[in-house]
Amino acid sequence: MPTEAMLLYGFVFLALTLGGMIKGVVGVGLPLVVISLLGLALDPRLVLAILVAPIVATNLRQAFAAGLPQEDLRRFWSLIVLFIVATWGGAYMLVQVNTNVLLAILGVIVVVFSFVNLVNPRFYLPPRHERWVGPAVGLGTGFLNGISTVNGPPLVMYLLSLRLQKEAFVSAYGLIALCGAIPLALSYAAVGILGWRELWLSVLALIPVFAGMWIGERIRHRIDPVLFQRVLLITLIILGLNLLRRGLFGG
């Protein structure tokens, strides 16, 4: 095997392991980390296809750990329906855009959501506005889910604005993320992004991702989570700006 290919495989393995480790430490961030790193070396559509199985598997794990109570389904049903529909729309848009445009879009998404999380604004959404804000969040987040696999940051911001208790927050996020993960896989298969080759690579990606999560969950309480997240977000902003540069200027 050529040295260049071995280095590429090693880089992919390390990027997926790091993405899993970040998710194990802070609970979110797998797509942002993997897109930021693998987008430097691979076709962005291949990166998104590789992420499908890890996203589905990790969201299944989180959703069933949370218990999936029926009250969440009743409360967030309109958000979930539009989330699913918009995921298909985002996936169809993904196959239409130029690769450089896609790199720029992914770069903007990484930079914006990393910056917002770095600033950490505290919003409060009064219950009377939830009826119309929820579906709007589902529509926008679903489109982002389909075109980039990134849905965690906007969903987290919305659920935090509802001031849910910790258990309710974990349960709601697990349910909504799971409802977005399944149509993500189906829509990518339908538009040709996820073929048998990509599916096999995506399944193989489960090994480093879950290895990274195992490491992350065990070091979570041994590091300063605030400092860790701050360094991570600044790094993601730099990587996202590089993706944006490549999309705008090539190279």
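A Cβ is built for glycine as well, from the same backbone N, Cα and C atoms used for every other residue.
The transmembrane segment annotation in TrEMBL covers 7-40, 76-95, 101-120, 132-150, 170-191, 198-215, 227-244.
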In contact by Cβ distance (the transmembrane segment (198-215), the transmembrane segment (7-40); 3 or more pairs under 8 Å): yes
Spatial neighbours of the transmembrane segment (101-120) far in sequence, C-beta under 8 Å, 6+ residues away: 32, 35-36, 39, 44-45, 94, 144, 147-148, 150, 153-154, 157, 229-230, 233-234, 236-237, 239-248
Range from 76-95, 198-215, 227-244 with most C-beta pairs under 8 A to the transmembrane segment (170-191): 76-95
